[in-house]
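Listed features, source Swiss-Prot:
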type	residues	note
DOMAIN	5-70	domain 'J'
REPEAT	148-155	repeat 'CXXCXGXG motif'
BINDING	C148, C151, C201, C204	Zn(2+) 1 binding site
REPEAT	165-172	repeat 'CXXCXGXG motif'
BINDING	C165, C168, C187, C190	Zn(2+) 2 binding site
REPEAT	187-194	repeat 'CXXCXGXG motif'
REPEAT	201-208	repeat 'CXXCXGXG motif'
Amino acid sequence: MSELDYYSLLEVERTADDKTIKTSYRRLAMRYHPDRNPGDSDAEERFKAISEAYDCLKDPQKRAAYDRYGKDAFQGGGGFGGFGGGAQDFGGFSDIFESVFGEFMGGRGQARSSVQRGADLRYDLKISLEEAFKGKTVDIEIDVASVCDACHGSGAKAGSGRKTCDTCHGSGRIRVQQGFFVVEQSCPVCQGKGEVISDPCPECHGEGRCEKHKTLSVNIPAGVDDGTRIRLSGEGEAGVHGGPAGDLYIFIHVTPHQVFQRESYNLFAHVPISFTKAALGGSIHVPSLDGEQYEISIPAGIQSGKQLKRRGAGMPVLNGRGRGDLIIQIDVETPTRLTAKQRELLEQFRETETGEECPKSSGFFSKLKTILTGE
């Protein structure tokens with residue numbers, strides 16, 4: 001079994017990329033894994049052979065040597081240190097089964113359609129809270145698998161095309177004798193597609209796609225929040241053999257702000273005020289993300305932790321009308337350094353205190369005295 005060509009064992013073409021080789025290996029390993037075929041020596045031999053093949057082809061240096069010299073490149077020198085290690089790549093039979101279960105349960109006896117939708121892509125974009133407030137248009141750069149300009153996605157060299165696979169006669173499946181059983185499997189020549197390219201495109205090597213560098217403009221609407229997902233339809237990877245392109249998803253990450261915290265569409269901020277303003281009342285001016293200065297009235301006797309609200313001064317509602325609220329939490333600041341005059345005035349104030357000025361503190365100490373003395 002191991003005398004077969006490694007590419008044939010893995011049912012891939014010699015031009016297959018690493019992802020294609022890995023996918024095919026996992027599919028075959030799931031099919032022939034000893035846990036799934038107890039007591040089947042043929043399946044065990046097949047499993048060892050595909051593991052040997054994958055251990056070689058997954059390593060760029062080993063693959064290059066194999067492509068040039070075949071197995072002779074590894075004779076007499078200890079080889080690769082023992083084949084069969086590829087099985088550890090997936091951890092166990094259950095992992096293989098989970099990764100390729102969908103493919104295994106696919107229809108039998110029919111060629112797998114060569115038309116496939118392109119993969120979706122993800123791009124993570126960081127913006128500031130100010131940018132989330134106002135919205136903006138940003139340019140992003142990505143590398144994406146796009147339709148090959150040379151063959152226009154056909155995978156075939158100009159002047160040539162696809163033809164029906166002579167091995168499976170277009171069915172995409174072949175039957176293989178294994179011991180007393182005949183099993184059906186994907187055609188190793190056309191990889192289950194039912195068609196082959198006789199003269200591959202030299203630019204994309206028959207894939208029909210090439211990686212391209214693209215610059216895209218992304219419109220960030222006002223009001224986006226951390227975790228908002230924006231879809232750019234058709235900007236993902238190009239489809240295979242005429243299939244539709246995937247989508248590009250922009251995931252928004254809003255960096256923390258030094259002053260404001262966001263909760264839904266409301267903006268919160270801690271605002272310190274002097275103890276005299278807290279006692280006597282007054283007003284403060286609070287800047288917002290829209291550049292406006294909002295005047296907030298401070299009632300006399302306000303305490304630390306009290307929240308004051310300015311309606312309609314928060315974040316814009318995404319794809320809607322109106323805005324959230326601006327909510328400020330008052331932090332009364334006690335002076336740490338006093339002039340002689342200020343200390344004198346505060347001493348005079350203390351001499352005139354009756355306890356009614358701060359009912360909570362006087363009530364607390366009265367209650368504590370009652371608890372401790374019983375009076």
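Any Cβ shown, glycine's included, is placed from N, Cα and C.
Recorded features from Swiss-Prot, shown on the structure.
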residue: C148; record: Zn(2+) 1 binding site; CB count, 10 Å: 21
residue: C151; record: Zn(2+) 1 binding site; CB count, 10 Å: 24
residue: C165; record: Zn(2+) 2 binding site; CB count, 10 Å: 21
residue: C168; record: Zn(2+) 2 binding site; CB count, 10 Å: 22
residue: C187; record: Zn(2+) 2 binding site; CB count, 10 Å: 22
residue: C190; record: Zn(2+) 2 binding site; CB count, 10 Å: 27
residue: C201; record: Zn(2+) 1 binding site; CB count, 10 Å: 22
residue: C204; record: Zn(2+) 1 binding site; CB count, 10 Å: 23
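By the count of Cβ pairs under 8 Å, the stretch nearest in packing to the repeat 'CXXCXGXG motif' (165-172) among 148-155, 187-194, 201-208 is 187-194. Long-range neighbours of the repeat 'CXXCXGXG motif' (187-194) within the same chain, counting only residues 6 or more positions beyond its ends whose Cβ lies under 8 Å from a Cβ of the stretch, are 7-8, 11-13, 24, 111-114, 164-168, 170-174.
Closest to C204 (Zn(2+) 1 binding site) in space, going by CA atoms and restricting to the binding-site residues C168, C187, C190, is C190. In space, C201 is the closest of the binding-site residues C148, C151, C201 to C165 (Zn(2+) 2 binding site), judged by Cα positions. On the 0 to 100 pLDDT scale, the repeat 'CXXCXGXG motif' (201-208) averages 86 in this prediction. Secondary structure from DSSP puts C165 (Zn(2+) 2 binding site) in coil. Spatially, by CA atoms, the binding-site residues C168, C187, C190 include one closest to C151 (Zn(2+) 1 binding site), and that is C190. What surrounds the Zn(2+) 1 site, by Cβ distance within 8 Å of the Cβ centroid and not counting C148, C151, C201, C204, is the set D149, A150, H152, G153, S154, G155, A156, K157, P200, P202, E203, H205, G206, E207, G208, R209, C210 from the same chain. The secondary structure of C151 (Zn(2+) 1 binding site), as reduced to three states from DSSP, is coil rather than helix or strand. Among the binding-site residues listed here, namely C168, C187, C190, C190 has its C-alpha nearest to that of C148 (Zn(2+) 1 binding site).
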